[in-house]
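Working notes for the structure below.
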Amino acid sequence: MRANCSSSSACPANSSEEELPVGLEVHGNLELVFTVVSTVMMGLLMFSLGCSVEIRKLWSHIRRPWGIAVGLLCQFGLMPFTAYLLAISFSLKPVQAIAVLIMGCCPGGTISNIFTFWVDGDMDLSISMTTCSTVAALGMMPLCIYLYTWSWSLQQNLTIPYQNIGITLVCLTIPVAFGVYVNYRWPKQSKIILKIGAVVGGVLLLVVAVAGVVLAKGSWNSDITLLTISFIFPLIGHVTGFLLALFTHQSWQRCRTISLETGAQNIQMCITMLQLSFTAEHLVQMLSFPLAYGLFQLIDGFLIVAAYQTYKRRLKNKHGKKNSGCTEVCHTRKSTSSRETNAFLEVNEEGAITPGPPGPMDCHRALEPVGHITSCE
């Protein structure tokens, strides 16, 4: 597609033979590491997370796609609009504004699936949203970029990475399909695979984050504005996604899922599109943003998970104390009731085995209750 590029720093034509400057000499290593590790991570994660998907629930989301519709509205409605507002509000340079907008137009990433699992979200909805947003990106990415850049005076060919989108779909759907099959055939074993996959996925996320920071240290620039946007952008996505899901009367489980899906973007797709569309000279100014965004969305995700697990643990301890107190009271009351019941039965037995016809006093004594039988509700 065609977008416009402005100002005195007009974007020159792409040059595949141009050598990268020192600031981006990690280009080859970074691309190789992120491609290989991300592909392996995606395959392992989606297979293990696919073991948590039930065909019945997945089909219900497809038949009544209200949650998916809300998620797509957040993904291709709120995120591109937020990116546009941030680019305008911070008065970014043209190439930097394009980088922010491309990030906002990208589909959701698989990182949201592992975070959704850790916050007890709706895994069926999470995987459905990731798949549907990736498919929708084939048309929504060029449409959103065109709508938000038609008034900008930039002159640059933006290449939509359709091949990358296709690879993402393959790496997403095939492992999930195998995971769903394993969960259908061997439900007990799938629970073990799911737990192992969650741990391995967390470790791989940390490895990718550290590797990205270390390998791309030469590409970080000192533009505090881009770093600020990369910090607040995923937070805005999480908050607005949660509020929109809450406004549309989704369950708390779905609200957490949609929130994480909205703020987590496909970083690899954004980097690929920038590399295909811009020269090395402009990548120096642009590549730091998706890398910083990826780092901050990891940090935000871990903070959300930590906050949820802390809240969950405190709530569990609170209910545990209440239950233990009730158990003690119930045990005491049951012990007292048992003794009173035995005494009551002993009195009746004495009255029952007394020979001869019962007199008035005997009848009164036999019918007189000795204690009150209580129960704990």
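Just so it is clear, glycine is given a Cβ too, placed from its N, Cα and C backbone atoms.
These come from Swiss-Prot:
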| type | residues | note |
| --- | --- | --- |
| CARBOHYD | Asn4 | N-linked glycosylation site |
| CARBOHYD | Asn157 | N-linked glycosylation site |
| TOPO_DOM | 1-29 | topological domain 'Extracellular' |
| TOPO_DOM | 51-67 | topological domain 'Cytoplasmic' |
| TOPO_DOM | 89-97 | topological domain 'Extracellular' |
| TOPO_DOM | 119-133 | topological domain 'Cytoplasmic' |
| TOPO_DOM | 155-159 | topological domain 'Extracellular' |
| TOPO_DOM | 181-195 | topological domain 'Cytoplasmic' |
| TOPO_DOM | 217-226 | topological domain 'Extracellular' |
| TOPO_DOM | 248-266 | topological domain 'Cytoplasmic' |
| TOPO_DOM | 286-290 | topological domain 'Extracellular' |
| TOPO_DOM | 312-377 | topological domain 'Cytoplasmic' |
| TRANSMEM | 30-50 | transmembrane segment |
| TRANSMEM | 68-88 | transmembrane segment |
| TRANSMEM | 98-118 | transmembrane segment |
| TRANSMEM | 134-154 | transmembrane segment |
| TRANSMEM | 160-180 | transmembrane segment |
| TRANSMEM | 196-216 | transmembrane segment |
| TRANSMEM | 227-247 | transmembrane segment |
| TRANSMEM | 267-285 | transmembrane segment |
| TRANSMEM | 291-311 | transmembrane segment |
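Most Cβ pairs within less than 8 Å of the transmembrane segment (134-154), among stretches 68-88, 98-118, 160-180, 227-247, belong to 98-118. Beyond the ends of the transmembrane segment (98-118), by six or more residues, the same chain brings 3, 5, 41-42, 45-46, 49, 52, 71, 75-76, 79-84, 86-87, 92, 126-127, 129-130, 133-134, 136-137, 140-141, 144-145, 148-149, 154, 156, 158, 165, 168, 172, 194, 198, 201-202, 205, 226, 229, 233, 256-257, 260-270, 273-274, 286-287, 289-290, 293, 297-298, 301, 304-305, 308-309 to within a C-beta distance below 8 angstroms of the stretch. For the topological domain 'Cytoplasmic' (51-67), the residues of the chain that approach it from at least six positions outside its boundaries are 117, 122-125, 127-129, 176, 179-180, 182-184, 190-191, 193-194, 197, 245, 248, 250, 254, 257-258, judged by C-beta separation under 8 angstroms.
Residues 47-55, 117 of the same chain sit 6 or more residues outside the topological domain 'Cytoplasmic' (181-195) yet have a Cβ under 8 Å from a Cβ within it. DSSP assignment over the topological domain 'Cytoplasmic' (119-133) gives 11 helix, 0 strand, 4 coil.
Across the topological domain 'Extracellular' (1-29), the model assigns an average pLDDT of 44.
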